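Take a look at the structure set out below.
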């Protein structure tokens, strides 16, 4: 009887040992990553990353809603998509995809995300006011524009928290052309004015999408270590 039970007990023992070793390895890996990042509370650090990504996703969702609204009510049939657009952040040379971003050092990529958001502080300050004045946007649409402005500011602050907790140094890259489209947004010529809004939404959507991609990739590289 003892002999017949030995294989069963042996298999359970092996399984328990495997599970125990897996948990031990995960805890050790987390501790090693926390030590490497000089992070005392690794869980809180991860939660801050999640908060940043959620803010970025919410911001992208609102930008998409504003962009779609503008296309439907103001840009249809004007051929704006055939015109050349140029963004004031183009000189930052942002990676366009995950493969390019993987080649960038962690601190540099985090600093780039911060720089992109910082570059939009002034344009977003004017966006909702000009949408009200020049487009006659309704309060629900204006509230979304104001929400994008707030989300951008909150995301900047969250990235700064990440840098502080992770002992990163954000080197602010101000190597971008100052935004100078306000006069075009206020142009008395309707086609000029509408194209300026089209260009703004195009660039804002592109840069904001890049920020979300960078944050997800950085979290993966720092916390999951399997990208």
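Backbone N, Cα and C define each Cβ position, glycine as well.
Residues or ranges marked as disulfide bond in Swiss-Prot: 87-203, 220-227. Summarising the annotation, Swiss-Prot assigns N-linked glycosylation site to 175. Feature annotation from Swiss-Prot assigns signal peptide to 1-31; the stated evidence is sequence analysis.
Candidate disulfide-bonded residues: 87, 203, 220. Fewest other C-beta atoms within 10 angstroms, 220. DSSP gives residue 203 (disulfide bond) a helix state. Cα to Cα, residue 203 (disulfide bond) and residue 220 (disulfide bond) are separated by 26 Å.
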